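Copied from TrEMBL, the annotated features are:
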ACT_SITE  TYR139  active site
ACT_SITE  ASP180  active site, proton donor/acceptor
ACT_SITE  HIS287  active site, proton acceptor
BINDING   GLU31, ASP180, ASN182, ASP286, HIS287  Mg(2+) binding site
DOMAIN    418-465  domain 'GRF-type'
REGION    319-375  region 'Disordered'
SITE      ASN182  site 'Transition state stabilizer'
SITE      ASP260  site 'Important for catalytic activity'
SITE      HIS287  site 'Interaction with DNA substrate'
Amino acid sequence: MLGNQEPNNCAAVAVGSVLDELDADIVCLQETKVTRGAPTEPLAMVEGCNSYFSFSRNRSGYSGVATFCKDSATPVAAEEGLRGLFAPQNGDVGCYGNTDEFTQEELRALDSEGRALLTQRKIRTWEGKERTLTLINVYCSHADPGKAERLVFKMCFYRLLQIRAEALLAAGSHVIILGDLNTAHRPIDHRESVNLECSEEDPGRKWRDGLLGSLGCQSASHVGPFINSYRCFQPKPEGAFTCWSAVTGARHLNYGSRIDYVLGDRTPAIDTFQASFLLPEVMGSDHCPEGAVLSVSSVPAKQCPPLCTRFLPEFAPQHNSQTRVQTGQNKAHVRSTRPRPSQLGSSRGQKNLKSYFQPSPTCPQASPDIELPSPPPMNTLMTPKTSEDEAVAKVVKGQAKASEAKDEKEVRTSGSLCWRGPCTYPSVGKPGPNLGRRFYMCARPRGHPNDPSSRCNFFLWSRPS
């Protein structure tokens, strides 16, 4: 079974317990935000598993993917990146396809953010035939509307991913692409389906159209080489989302989108996929796991490929005394103890992988009676020229101050400004002219506009200091 999860501030359990709970042979994680050299032994090396990480080479605490395999599903090869620029001399997957449309500088940039990790293994079908299966664990880039260069990066990454997948198919390997593709494909996969229908020209969706074949497993119509496994088995359910905004609390009302996928090439999707499912009840992240069950057995390699974390230099010295080599099998059995949870200090934004497997402090619930900070007085009015105008201005100014004081007193007393209930008082975290500026907004979770329990459109800037 394959499991796909994007970690965030998860429950206070160790990585081994999380993998045990998911009960998958292979678990793929995206947006780990783990920096090279940061993983500790309990995080990188789990008893009964072998793990593989791809780190961002440009920024620390950014992007990153990881794949955990049970020892019974040990791959024969593993490689980070889509072009093999960081592949070891042996143990790589190979089959890169024709990438002449990219410069070497572009290829290095696409592979330097830690967004792709390949593991290749032997599988045995129910007929007893041995096949090669390559898993491509990806975390595709988000295209910020204000940054045109990130859309270019995203589309180039999509293109390179397709070239690599098709090259592997041409070489005779079955291929499964899974992870965060950061694009909702169809209107049914997005909470704002009407807006999605109006954006069919979105380049990410057009790419997906070319990559994917028919939604029905048994359908004769077919375009692309891959099948959307979840829609293959469950083509009609609405609200089958995998991602929700944590800032707006949208998960409470299932106001989300489906941007995480398990895509299989047509042959395994029809012949070996038994089921595909979502696990929205698994909390701890703004994403939920998606998985698939294949009717095959894995043929484990006798030795882990060089990319395995147990071969990283920082782990080798301290494991010399803990590694027992079984004579004649050329296989190392690593004994590692489960980590003791340690308290994690709170921080803003999405957490990294280490915090996902550590306990989080109990978050205090906001009280509707929290005293909001007093806004500064109004800016000084322009001085009228006549004495009569000055007198009128003073009266108006006095009335305005009295009204402001009354409003502020009401805010302090009830904590409420919008008709649906209390307000929150967050600040802008996005870089720009309003960075750090505070504002009032409805405290309810985001949902469909017609849902009376969802957030209203109330918004009010706090007066600047």
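Just so you know, glycine gets a Cβ as well, placed from its N, Cα and C.
In TrEMBL, annotation is done automatically, which means it is predicted and not curated.
Projection of TrEMBL feature records onto the structure.
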residue	record	Cβ within 10 Å
GLU31	Mg(2+) binding site	25
TYR139	active site	26
ASP180	active site, proton donor/acceptor	27
ASN182	Mg(2+) binding site	20
ASP260	site 'Important for catalytic activity'	24
ASP286	Mg(2+) binding site	18
HIS287	active site, proton acceptor	25
Checking the recorded positions ASP260, ASP286, HIS287, which are within 10 Å of ASP180 (active site, proton donor/acceptor) at the Cα level?
ASP260, HIS287
Could you state the whole-number distance in Å separating the C-alpha atoms of ASN182 (Mg(2+) binding site) and ASP260 (site 'Important for catalytic activity')?
7
Cα of HIS287 (active site, proton acceptor) to Cα of the residue listed as 'active site': how many Å, rounded?
13
Just give the helix, strand and coil counts over the domain 'GRF-type' (418-465), going by DSSP.
0 helix, 14 strand, 34 coil
How far is it from the residue listed as 'active site' to GLU31 (Mg(2+) binding site), counting Cα to Cα, in Å?
7
Using C-alpha atoms only, work out the spacing between ASP286 (Mg(2+) binding site) and ASP260 (site 'Important for catalytic activity') and round it to an integer in Å.
12
Between ASP260 (site 'Important for catalytic activity') and GLU31 (Mg(2+) binding site), the C-alpha gap once rounded to whole angstrom:
12
